[in-house]
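Per Swiss-Prot, the features are:
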TOPO_DOM  1-546  topological domain 'Extracellular'
CARBOHYD  Asn33  N-linked glycosylation site
CARBOHYD  Asn67  N-linked glycosylation site
DISULFID  Cys68-Cys80  disulfide bond
DISULFID  Cys102-Cys151  disulfide bond
CARBOHYD  Asn153  N-linked glycosylation site
CARBOHYD  Asn174  N-linked glycosylation site
CARBOHYD  Asn312  N-linked glycosylation site
CARBOHYD  Asn341  N-linked glycosylation site
DISULFID  Cys499-Cys503  disulfide bond
CARBOHYD  Asn500  N-linked glycosylation site
CARBOHYD  Asn526  N-linked glycosylation site
CARBOHYD  Asn539  N-linked glycosylation site
TRANSMEM  547-567  transmembrane segment
TOPO_DOM  568-578  topological domain 'Cytoplasmic'
LIPID     Cys574  S-palmitoyl cysteine
LIPID     Cys577  S-palmitoyl cysteine
Amino acid sequence: LMVVTSNADRICTGITSSNSPHVVKTATQGEVNVTGVIPLTTTPTKSHFANLKGTKTRGKLCPKCLNCTDLDVALGRPKCMGTIPSAKASILHEVKPVTSGCFPIMHDRTKIRQLPNLLRGYENIRLSTHNVINAETAPGGPYIVGTSGSCPNVTNGNGFFATMAWAVPKNNNNKTATNPLTVEVPFICTEGEDQITVWGFHSDSETQMVKLYGDSKPQKFTSSANGVTTHYVSQIGGFPKQAEDGGLPQSGRIVVDYMVQKSGKTGTITYQRGILLPQKVWCASGRSKVIKGSLPLIGEADCLHEKYGGLNKSKPYYTGEHAKAIGNCPIWVKTPLKLANGTKYRPPAKLLKERGFFGAIAGFLEGGWEGMIAGWHGYTSHGAHGVAVAADLKSTQEAINKITKNLNSLSELEVKNLQRLSGAMDELHNEILELDEKVDDLRADTISSQIELAVLLSNEGIINSEDEHLLALERKLKKMLGPSAVDIGNGCFETKHKCNQTCLDRIAAGTFNAGEFSLPTFDSLNITAASLNDDGLDNHTILLYYSTAASSLAVTLMIAIFIVYMVSRDNVSCSICL
């Protein structure tokens, strides 16, 4: 008799199961439950403004200039002269229209309120040590440089702004009306710097205009630099007396403007009576990013955000209010985003005894196996020992590396978009550095959609890569098992030996050696001879005789039936002779 011994177990590749699924969005599959996620967004809360980490942050233009507005510093008010520290980031903290505590200025006739903002846009700012024009000998002179009691100096004597010289005709001979005169404004800063030149003109009542300049008619003024030309006509009379910062009341007004001269470029000013000629100029270089905020600056932060203040970046993206931000900032997106950090969610697969082997294999592909500690992909063994599970850490690490690569790619996308957002702001450093909100919002919406699509595609790739990892596991398993197992499909192999938890752990660790496990012995035929005993026929012998007789009878009957069939078909003739 032949006896065959089977010790076969079945080993399959598989994916872990989880009882706490999360949901991610994908490009083609919609929302998919996965075993883990990496949140990519946060919703910040409002905080105070802070110094930007890793760089100098400028609050007031001149921190040591007490009781001075930034416009006072920018115009060179006598009591507000000081050093402006260098900075790569600046806070636009004066949100209301700001005046200067000196001679009354008609701020709304020019862009002069933007001058402090312009200066904030530079990293390095210094006031020249000498004057750009000799005001006393300028065309239309000689002049005396006028001062005012409403603009006291540090000794409380009469003074005036350091950036301008009030050119008053020196004697009665030149206190007359004049045709437009032109003066060149040379570039006196260092090569590579921008020169910001401040100038203006004085207007007063008809009586005062005649007294100071010999002409009561409106005067014309023009400035030109870098292809930008600006025209003004003075307004005569009709001003109520006004005092600034406790100074003497004044019936007159001054109009102040500025021009930006690029390195080596000359500017021109065409004027009549009442000119405020340029004197000391601002020399500026480098770029400092400007953002609206508030003082004081408390502590440090990764990012400064107009709506939320100082933020420390914990996620690459944020939801909530969109606004301008500078520094190492998250990018605004419309909806929360999550990156898949695991496998597609599968409920625990049913055991063999519940579904049968092939049913369990199908369930294994549809479901997952519990017990793969610290791993997403691995192996299961089915046999007399029950079900053993072991995680394959290498394939799990490869999956994690792919997710990390996706995360880094999204971070690179974030940096590029951040540069794109701030780039336009840098290019407008000669202006107030504010973009139209509608244009900015449209740009933000576009970038948000790009980022959301990138995350959807990343999730799609991560989830779809499960098949790739399982196929790699299957090839690895097949190579390790070698001739000790038979491939039965669906990522499963039937082994010719037992494979318990120890065996499975070695497979997962890549140290499996089939020779260490006992292979089964196959006896192709085990024949036991029958023998006659002295006691006569035993049961085995009787059974043998019975079998022989029954077989002979069956053969005889079959032959007889065949002959009868052939005769009936006339294929065989039968002759009987006596």
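Heads up, the Cβ atoms here are built off N, Cα and C, so glycines get one too.
So that I understand the layout, could you describe where these features sit and how close they are to other parts?
Same-chain residues at least 6 positions away in sequence with a Cβ under 8 Å from that of Asn33 (N-linked glycosylation site) are, in sequence order, Pro21, His22, Val23, Lys344, Tyr345.
Around Asn67 (N-linked glycosylation site), the C-beta neighbours below 8 angstroms that are at least 6 residues distant in the chain are Lys79, Gly101.
Listed in sequence order, Cys62, Arg77, Lys79, Cys80, Gly101 are the same-chain residues six or more apart from Cys68 (disulfide bond) with CB atoms under 8 A from its CB.
Residues near Asn153 (N-linked glycosylation site) in space but far in sequence (CB under 8 A, at least 6 apart, same chain), listed by position: Pro78, Lys79, Gly159. Under DSSP, Asn153 (N-linked glycosylation site) is assigned to coil, being neither helix nor strand in the three-state scheme.
Look at Asn174 (N-linked glycosylation site): DSSP puts it in a helix. Within the same chain, residues at least 6 positions away in sequence whose Cβ sits under 8 Å from that of Asn174 (N-linked glycosylation site) are Gly140, Gly141, Pro142, Gly214.
Reduced to three states, the DSSP call for Asn312 (N-linked glycosylation site) is coil. Sequence-distant neighbours of Asn312 (N-linked glycosylation site): residues of the same chain at least 6 apart with a C-beta under 8 Å from its C-beta are Ala301, Asp302, Cys303.
Counting Cβ atoms from all protein chains shown, Asn341 (N-linked glycosylation site) has 22 others lying within 10 Å of its own Cβ. In three-state terms derived from DSSP, Asn341 (N-linked glycosylation site) belongs to neither a helical nor a strand segment and is classed as coil.
Cβ-based neighbour count (10 Å, all protein chains) for Cys499 (disulfide bond) stands at 28.
When secondary structure is read from DSSP and collapsed to three states, Asn500 (N-linked glycosylation site) falls in the coil class.
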Rounded to an integer, what is the Cα-Cα distance in Å between Asn341 (N-linked glycosylation site) and Cys503 (disulfide bond)?
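Taking the Cα atoms only, Asn341 (N-linked glycosylation site) lies 29 Å from Cys503 (disulfide bond).
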Measuring Cα to Cα, how many Å separate Cys151 (disulfide bond) from Asn500 (N-linked glycosylation site)?
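Asn500 (N-linked glycosylation site) has its Cα 95 Å from the Cα of Cys151 (disulfide bond).
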For Cys499 (disulfide bond) and Cys102 (disulfide bond), determine the Cα separation and express it in whole Å.
93
Round to the nearest Å and give the CA-to-CA distance linking Cys503 (disulfide bond) with Cys102 (disulfide bond).
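Distance between the two Cα atoms comes out at 90 Å.
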If you draw a 10 Å sphere on the Cβ of Cys80 (disulfide bond), how many other Cβ atoms land inside?
24
Reduce the DSSP letter at Asn33 (N-linked glycosylation site) to three states and note it down.
strand
In three-state terms from DSSP, label Cys80 (disulfide bond) for me.
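Once the DSSP labels are grouped into three classes, Cys80 (disulfide bond) ends up as helix.
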